[in-house]
Structure formats: C-alpha cells, structure tokens
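> Below is the structure I would like to discuss, written out as structure tokens.
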Amino acid sequence: MGKIPANQSKSVSPVPRKEPQTLLAKIRKEYVSLTFAKSIVFDPARLPLISILILAAELVLNVFVVQNVRYTEIDWKAYMQECEGFLNGTTDYSLLRGDTGPLVYPAGFVYIYSALYFLTSQGTNIRLAQYVFVGIYLLQLMLVLRLYCKSRKVPPYVMVITIFTSYRIHSIYVLRLFNDPIAILFLYAALNAFIDGRWTLGSVMLSLGVSVKMNILLFAPAILLLYITNLGWLKTALQLTVCGVIQLILGAPFLLTHPWQYLKGSFDLGRVFEHKWTVNYRFLEPEVFESKVFHLALLGLHLTLLLVFASPCYKYFQNYCRLRHLEMMLMPQIEAQNRAEKEKVKKGKQLNAKALPSTKKDNEEEKLTQDQEKFLKSFEKGIKKMSGKQQQQQQQNVAPVETESPAAANPAANKFSIHFDRSTQLALLPIFLSNFIGIVCARSLHYQFYVWYFHSLPYLTWYTEYTNSLKFLLLLLLEFCWNTYPSTVLSSLVLHACHVCLLVGIGRKLFRRIPDLAQLNKAE
C-alpha cells in the first residue's frame, strides 16, 4: 500500500470532542460539593436561598405553636373593649378604656384593631386572630430577611439560629397578640421602601407605624439624617410633611372633636410605667424607678448618646448616598458592556453565520473607560474597609462574592457586575443603632418590647469585632433575660451589661476612620 501523505493523515484523524454534560451532572458538579455546603452555611450571599427555607419552616412552626400551645390573655380583650367604645361613636380618648386601663395608642391602632374586632366576631375568635398574626410575623420576617440579603453582612447560620431559638418572639406574635408587631411591620416596610429609593412610600409606612405605637419614633433621628443626606433639606421637609399629614388624616375624627384628650392620651411622653412589669430596672426601688429625676437622667443620656454617634452615622449616610449615585451612573454602562460581551460569545458559537456590522467606535462607547474601571477598583477596596470584609473572610474562609469580574463570575458569559445593594450596610447600621440607643436608655422595657430590636440584634452584633463565641453569648444572654419571668435583679443587670457591651463594641468600630468614597479615586 502507498504511504498516506502527512497532510491527508491530519485531515482524517479524529478530533477529540468534549462530551456535553447532562443536566443532572451539571447540578451534581455545582451543588453536590463540600464547597457549596460550606457556602450555604457561611456565605451571606447565599441567604436569599436560605430565606425561602426559613419562611417555609417558620410557617410550619407557627402553625404548630398555635395548635398546640395555650393562648395567654393579656391585652387582647382590653384592645377590643377600647375599639368597641370607638365603634359605638366615642371619640373622646379619655373615655376609651379597657380592663387594663385607658387607651394610650394613636389612631392607627384603633382602626387596625377595629378591623380585627369585626374579623374575629367582636374579638371572640382568638384562633383566627392568632393566624392573622402568623401572617403578620411571616410578612415582617420576609421584609427583615430582604434587608439582610441586600446587605450581605450576616452569615445564614446566624439568622437560622437566632430566628428559630427565640421562644419569646414567637410567644409575643402568636400567643399574646400585642400591637408592637404591627408597628414593627410598618417600620420594616418603610426601611425596605427607603432602600429601594421609594421615599414617599417609606414616609407613609413610617408614619403608619407611629400611628400604631409611638416607639417607632426611636428610629426617627437616624431616618431624619438619612433624609437630609439623600434628599437635601427641601425634599426632607416634603417627606416630613407627608408624615405629618398622615397623622392628621388618621387622627381627624379625634382631633376635630376632642383634640387635647387625643394628644394627651396617644402621645403621652410623660407616662409612668408600673415597676412590677419592668424587665430592665428590677434592681431599683419603686420610688427611684418612678421619680422624675431618674426619667430626666435617662432622657439626658439618650440625647447625649445620639449626639455622640451622630457624626459617624452621618458619614455612613453620606457614603451610602454616594454609592447609590455611583450605581445610577455606572449601571447603564456596565449593562451595555455585558450586552456587548454576550453578543461576542454568541457570535463565536455561530460557525457559519455572517459577522454583524460593528465599528471600533461603537465598541469603545459600550466599554467602561479606564478612569471608571480605576474608580471601581477603588470603590471595592473602600467598601471592604468599611464593612470589615477582609476580617470576616479570614474567619469564615469564604470567597468574596460581592463583586464579580469577567474571569471569576462566568468565563463563557464574560459578565461583569457589582453588588451595589451591599451598600445597604451603610444605611442599616445608623438606623438600627438609633433604635438600640433608645432601648438602652428606655425608662422601662416590657416583655413585648423585645420585638422592637430583636430582628436587628444579629446585624448589630455581627457589626462588632468580637469573636463569634462572644457574639453568640451576647445573643444567648439577651434571650435569657427576656425569657426570665418575672424579671429578677440578676436578669435586669445582665440585660444592661449585654446592652453596654454591644454598644461599646459598635462604638469601637464605628469611631475608627471611615473611608470617604469621594476621595478614593484621588487616593489611588
């Protein structure tokens, strides 16, 4: 036989071809691995997936609690009696009373519980009311988890442990039917609206929360700073007007008939709580607890702490505002670049198709400039410094996921993206801190007040640079204090010690030099 030419041999030799992976094989490679399992537990970027499981499990758990744990009557009947007086035509707040005393909540409370009065057959169908509060709890939890998912601050396992191990929180929502959860629901709806840039909707939700219970005003100092830094003075005045108008509309039936009784009854800043119900000052004598000097001292401490923390919180809000403006400026260009890269990949896979007309000028316009790419690198370094990301990664051994480059994210798609929502951290910390300071300086804390700050505790705790063991110890001790009934001298002292320890940990990190994103480009 004749010898086959070299060039012919090459032309007929089989070309190795990579076998396409099946869907099952791709799923196994991507998700059935130790790396994926670790990321599910430790990586905050995986929280959206875990949140779905948390909500599903909480639905089952709360239904189980409603069906198997005895309901405890505390304020529900009194709420119904107060609303019944309003439904019978009484608009004088001094005459609206229940078994536990006079009505002390604003008009929004009256309308909401009047609706529950009709829904539950004049308040007699307790089981139906409990299921309504199951829905309130799940809706609020969804809003809370949405904020945590955006911020990527707290690992999933922390949220799971914290949420599922709190007996007191589940009790407050579905076994007590207090109005505090409804007020907090409106608060988290407002925070989500603010983060989404829907300022008027957020103001409406915030004012509705205040109309249910006045404790929402503890968030007001930080939210006022948020308004000013993001909207300016004129638009801030407009948003405050929206809040005020909501209050006037809701309170109109009472303000037009008996205005003084309404204002004194629903917004009584000087109301004295009974010592027997206090959670945080059991170690004080009743005479000291009820004295005006003690109350004024706590008020002075509250205002002082707000002033002390005002400067760094304002700086956080400024950086948050800059990042949001940067997002608005760069996202269209990033999307254009990704579309161009996607088109290139698509063209490369088409073996016999004609190339689409494209000019060098068009490609250059779709790509980010060198200055913009340089600033993005500076931004990444700055946000890492502010959030303490490098230390967190060293502790957890989790790869960074906030910023994706073409090579890291998906080489085939060549996609570039930045998780701008992570800047939510800069807005949430001052807001949660403002409320926390108010709780630290509260004249008296009752058991239902735990919902005022429970869902912000993981965020505040994980902001500190304490070890994970100490962080969990703080959360455990707080849960112990709120579950000790009746409160004791020890439980009250431990509660204050935990509050002070947490406040000091936040302050130590907060008062360090905060990178100014406006100067990062120059620094580079």
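Glycine is no exception: its Cβ is also placed from the backbone N, Cα and C atoms.
Automatic prediction, not curation, is the source of TrEMBL annotations.
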> Which one of 341-369, 370-398 shows up in TrEMBL as region 'Disordered'?
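Result: 341-369 is the stretch TrEMBL calls region 'Disordered'.
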> What same-chain residues lie close to the transmembrane segment (177-195): Cβ under 8 Å, and 6 or more beyond its ends?
74-76, 79, 105, 109, 112-113, 126, 129-130, 133, 136-137, 139-140, 143-144, 146-147, 150, 201-206, 208-210, 212-213, 215-216, 219, 223, 226, 421, 424, 427-428, 431, 448-449, 451-452, 455
> Need a quick answer: max count of Cβ pairs under 8 Å to the transmembrane segment (131-148), which of 47-66, 201-228, 293-314, 485-506 is it?
47-66
> Taking pairs 6 or more apart in sequence, does the count of Cβ pairs under 8 Å between the transmembrane segment (240-260) and the transmembrane segment (201-228) hit 3 or more?
yes
> Can you say which of 47-66, 103-119, 293-314, 485-506 has the most Cβ pairs under 8 Å with the transmembrane segment (201-228)?
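Most contacts with the transmembrane segment (201-228): 103-119.
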